[in-house]
Amino acid sequence: MAGNKSVVYHGTRDLRVETVPYPKLEHNNRKLEHAVILKVVSTNICGSDQHIYRGRFIVPKGHVLGHEITGEVVEKGSDVELMDIGDLVSVPFNVACGRCRNCKEARSDVCENNLVNPDADLGAFGFDLKGWSGGQAEYVLVPYADYMLLKFGDKEQAMEKIKDLTLISDILPTGFHGCVSAGVKPGSHVYIAGAGPVGRCAAAGARLLGAACVIVGDQNPERLKLLSDAGFETIDLRNSAPLRDQIDQILGKPEVDCGVDAVGFEAHGLGDEANTETPNGALNSLFDVVRAGGAIGIPGIYVGSDPDPVNKDAGSGRLHLDFGKMWTKSIRIMTGMAPVTNYNRHLTEAILWDQMPYLSKVMNIEVITLDQAPDGYAKFDKGSPAKFVIDPHGMLKNK
């Protein structure tokens, strides 16, 4: 193979589709017999990619982006035993070895082993997190294949539902993890901050877990409409009424059992401050509306270094939080990236057995080509309600 057409980062809001070298079964001059090379079937644009696009999460120029990957095995190393050429697989966005203490304790989100970047406590494709090239490309290298990859047993069946299954590499497990972290269970009342793709997946996950009422708040009316059309409760955060009052109008009480932050550090304020970036906004609003003894899951990304912060403290990841309120209410919180391997198999079965028929409606997937990827990023940046799925080889045309 001569080359590999890919989405390449060249600076803030500057992405280019270029041909980079075809991947080899090696990384940083180290042979990887436990790796495979995939022909990418689908690869999605994520909200996390938008942090990079907007210059808020640093990656080096020339880096290939993308961490939501589904692909077909076209080459494998001699140590790969469970995957065969031609297998259709989903790739967790966490790069994890399956061998270290954290992986063995079901914490693949913070694998200790792949120490390419000594400053990172985790590995992921497409970020500057231990140097792994991204999957918004025609082909991609995946290490630790036997541990990492989820193989679809019935390839034809999986391709029929590929627009849903493409979500299990990241955002569906991420949203679901936020709900699990928040203790969502049958009968729960849930408030989700953010109606972007992760927030919508969190809403879908909360319903799958049996929540009685799922409320999603956002400033984007088009994204909120996707949720309301699927039967979820929504709150337009541009409304000047206090969030507690708006929740009270829905539930008859101003607090919920469980909260999910699906926004992260680029959050905005409420009401008159809806157009103002407020890094602590989502978290403080959750501290306010989650009941005493409740819990909050925080899959939204927060960073230790922001190149373009709204204030000095935010630039180093220090936020002004209502910690006293959270402590007094004894709210349990859990942060961090989702350990995708804990959830992807179960969520795949839920999709294949039609337990999430509302997923396609709320996600509003739009399939695009690799060449259209920079335009997809620009539309997403402007608030598009679509979830953009890149189809590098034209394999999703009739799906």
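Backbone N, Cα and C define each Cβ position, glycine as well.
Annotated in Swiss-Prot:
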BINDING   Cys46, His67, Asp170, His177  Zn(2+) 1 binding site
BINDING   47-51, Thr174, 197-198, 218-219, Arg223, Val263, His268, 299-301, 336-338  NAD(+) binding site
BINDING   Cys97, Cys100, Cys103, Cys111  Zn(2+) 2 binding site
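Mapped onto this structure are the features recorded in Swiss-Prot.
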residue: Cys46; record: Zn(2+) 1 binding site; contacts (Cβ under 8 Å, 6+ apart): His67, Glu68, Asp170, Ile171, Pro197, Val198
residue: Gly47; record: NAD(+) binding site; contacts (Cβ under 8 Å, 6+ apart): Ile171, Gly196, Pro197, Val198, Gly264, Phe380
residue: Gln50; record: NAD(+) binding site; contacts (Cβ under 8 Å, 6+ apart): Tyr377, Phe380, Asp381
residue: Cys103; record: Zn(2+) 2 binding site; contacts (Cβ under 8 Å, 6+ apart): Ala96, Cys97, Cys111, Glu112, Asn113, Tyr147
residue: Gln219; record: NAD(+) binding site; contacts (Cβ under 8 Å, 6+ apart): Asp236, Leu237, Arg238, His268, Ala274, Asn275
residue: Ala338; record: NAD(+) binding site; contacts (Cβ under 8 Å, 6+ apart): Asn94, Asp109, Asp170, Pro173, Thr174, Phe176, His177, Gly178, Pro299
C-beta crowding around His177 (Zn(2+) 1 binding site), within 10 angstroms: 26
Spatial neighbours of Cys100 (Zn(2+) 2 binding site) that are distant in sequence (at least 6 apart) but have CB under 8 A: Cys111, Glu112, Asn113
Count of other CB atoms lying within 10 Å of the CB belonging to Cys97 (Zn(2+) 2 binding site): 19
Which same-chain residues, if any, lie at least 6 apart from Ile301 (NAD(+) binding site) yet have Cβ under 8 Å of it: Ser48, His51, Phe57, Gly264, Phe265
Binding-site residues listed as His67, His268, least Cβ neighbours within 10 Å: His268
Residues within 8 Å of the Cys46, His67, Asp170, His177 Cβ centre (excluding the Zn(2+) 1 site residues themselves): Ser48, Glu68, Phe93, Ser169, Ile171, Pro173, Thr174, Val198, Met337, Ala338, Val340
Three-state secondary structure, Cys103 (Zn(2+) 2 binding site) (per DSSP): helix
Cβ packing number for Cys111 (Zn(2+) 2 binding site), 10 Å threshold: 26
Count of other CB atoms lying within 10 Å of the CB belonging to Pro197 (NAD(+) binding site): 30
